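Enquirer: Take a look at what Swiss-Prot says about it:
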- Gly10, Pro11, Thr12, Ala13, Val14, Gly15, Lys16, Thr17: ATP binding site (BINDING)
- Thr12, Ala13, Val14, Gly15, Lys16, Thr17: substrate binding site (BINDING)
- 35-38: region 'Interaction with substrate tRNA' (REGION)
- Thr101: site 'Interaction with substrate tRNA' (SITE)
- Arg124: site 'Interaction with substrate tRNA' (SITE)
- 160-164: region 'Interaction with substrate tRNA' (REGION)
- 239-244: region 'Interaction with substrate tRNA' (REGION)
- 272-279: region 'Interaction with substrate tRNA' (REGION)
Amino acid sequence: MKEKLVAIVGPTAVGKTKTSVMLAKRLNGEVISGDSMQVYRGMDIGTAKITAEEMDGVPHHLIDIKDPSESFSVADFQDLATPLITEIHERGRLPFLVGGTGLYVNAVIHQFNLGDIRADEDYRHELEAFVNSYGVQALHDKLSKIDPKAAAAIHPNNYRRVIRALEIIKLTGKTVTEQARHEEETPSPYNLVMIGLTMERDVLYDRINRRVDQMVEEGLIDEAKKLYDRGIRDCQSVQAIGYKEMYDYLDGNVTLEEAIDTLKRNSRRYAKRQLTWFRNKANVTWFDMTDVDFDKKIMEIHNFIAGKLEEKSK
């Protein structure tokens with residue numbers, strides 16, 4: 001019998017964390033974080049990492065497992081998340097895969113084989129030189145022309161993922177989107193229920209802006225400065241939204257006000273890309289979280305998940 005898996009996806013600031021905890025408590029679940037940046041220790045504020053209090057007793061996995069100086073790929077995530085799903089089942093509990101990093105979530109749900117494609121070091125160095133000469137946006141534009149859907153799922157700051165996508169295209173002759181489409185045509189190895197959370201754009205964007213202000217109040221600048229003072233600069237971790245903008249401020253390239261405004265704009269754009277990515281996935285059932293009675297909405301989603309899992313287990 002297939003192992004059960006609930007995936008909860010959606011844009012930043014839509015409420016995935018709170019929703020997943022409430023559902024996991026009702027369904028005897030454990031949460032596997034599907035966020036590519038919450039794996040890093042010491043990057044709590046900028047990644048909106050869940051606190052111990054917010055976990056409310058629900059076990060969470062794949063958070064704080066890497067130093068910011070280390071890399072972490074979709075293949076690494078798949079290697080860690082896949083056995084965790086089995087382990088959670090063996091404890092008699094229901095695994096929840098929760099996050100906004102679309103490629104990471106899909107790689108587990110459909111067991112992508114992208115990690116098996118070898119590296120092309122010469123081409124990688126060539127692209128790194130291109131970034132040094134022309135910048136991350138120019139590299140992202142290069143991917144956008146070839147594979148716009150993959151580009152939509154990757155922020156330009158995360159140039160290492162952009163390089164990997166271009167590397168895969170060169171090595172296989174297929175875009176990441178084509179590779180993923182082929183994998184997605186194969187049924188998931190899991191008894192899967194996939195939930196998407198959405199919200200009216202104006203409401204979501206207002207939540208994002210307020211979240212950024214809250215991050216700054218809670219110490220985002222000091223958090224970024226600790227990484228900055230460690231000399232962590234070209235690493236994958238600090239290409240994340242929130243840290244790249246603060247580094248520009250710490251370098252003296254922009255004022256703090258400009259950095260905060262850029263962070264808000266980049267976060268809104270990222271949310272738009274996340275929605276584009278997930279809305280192209282046919283197996284997602286969407287729930288609108290705009291101005292809802294939260295407890296009633298949780299019960300609605302709970303009943304949907306329970307019904308789907310029962311239906312699929314027959």
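Backbone N, Cα and C atoms are what each Cβ position is placed from, and that goes for glycine too.
Help me see these features in their spatial surroundings.
Expert: Here Pro11 (ATP binding site) comes close to Gly100, Thr198, Met199, Leu204, Tyr270, Ala271, Lys272, Gln274, Leu275: these same-chain residues lie at least six apart in sequence, with C-beta atoms under 8 angstroms from its C-beta. Taken residue by residue with DSSP, Pro11 (ATP binding site) is part of neither helix nor strand, so it is coil.
DSSP gives Thr17 (ATP binding site) a helix state. Using a 10 Å radius centred on the Cβ of Thr17 (ATP binding site) and all shown protein chains, the other Cβ atoms total 22.
In terms of DSSP secondary structure, the region 'Interaction with substrate tRNA' (35-38) contains 0 helix, 0 strand, 4 coil.
Spatially close to Thr101 (site 'Interaction with substrate tRNA') yet at least six residues away along the chain are Gly34, Asp35, Ser36, judged by Cβ distances under 8 angstroms. Secondary structure at Thr101 (site 'Interaction with substrate tRNA'), taken from DSSP and collapsed to helix, strand or coil, is coil.
All protein chains shown were included, and the count of other CB atoms within 10 Å of the CB of Arg124 (site 'Interaction with substrate tRNA') stands at 16.
Along the region 'Interaction with substrate tRNA' (160-164), the predicted structure has mean pLDDT 88.
Counting only same-chain residues 6+ beyond the ends of the region 'Interaction with substrate tRNA' (239-244), those with a CB under 8 A from a CB of the stretch are 37, 43, 45-47, 136, 155, 157-160, 215, 220, 224, 227, 263, 266-267, 270.
Residue counts for the region 'Interaction with substrate tRNA' (272-279) under DSSP (helix as H, G, I; strand as E, B; rest coil) come to 8 helix, 0 strand, 0 coil.
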Enquirer: Using CB atoms and a 10 A radius, I'd like the single residue among the binding-site residues Ala13, Val14 with the highest neighbour count.
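Expert: Of Ala13, Val14, the one with the most crowded Cβ is Val14.
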Enquirer: Quick check: which same-chain residues outside Gly10, Pro11, Thr12, Ala13, Val14, Gly15, Lys16, Thr17 lie with their CB within 8 A of the centre of the ATP site CB atoms?
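Expert: Here the nearby residues are Gly100, Leu197.
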Enquirer: List the same-chain residues at least 6 positions away in sequence whose Cβ sits under 8 Å from the Cβ of Gly15 (ATP binding site), in sequence order, or say none.
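Expert: The answer is Leu197, Met199, Met289.
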Enquirer: Go through the chain and flag residues at least 6 beyond the ends of the region 'Interaction with substrate tRNA' (272-279) whose CB is under 8 A from any CB in it; none is fine as an answer.
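Expert: Counting only partners 6 or more residues beyond its ends, the region 'Interaction with substrate tRNA' (272-279) has Cβ contacts under 8 Å with 9-12, 100, 102, 149, 152-153, 155, 196, 198.
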Enquirer: Give me the Cα-Cα distance between Thr12 (ATP binding site) and Arg124 (site 'Interaction with substrate tRNA'), rounded to a whole Å.
Expert: 30
Enquirer: My understanding is the cutoff is Cβ-Cβ under 8 Å with a sequence separation of 6 or more in the same chain; which residues meet that for Lys16 (ATP binding site)?
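Expert: Once residues fewer than 6 apart are set aside, Lys16 (ATP binding site) is near Ile8, Val9, Gly10, Val98, Gly99, Gly100, Leu197.
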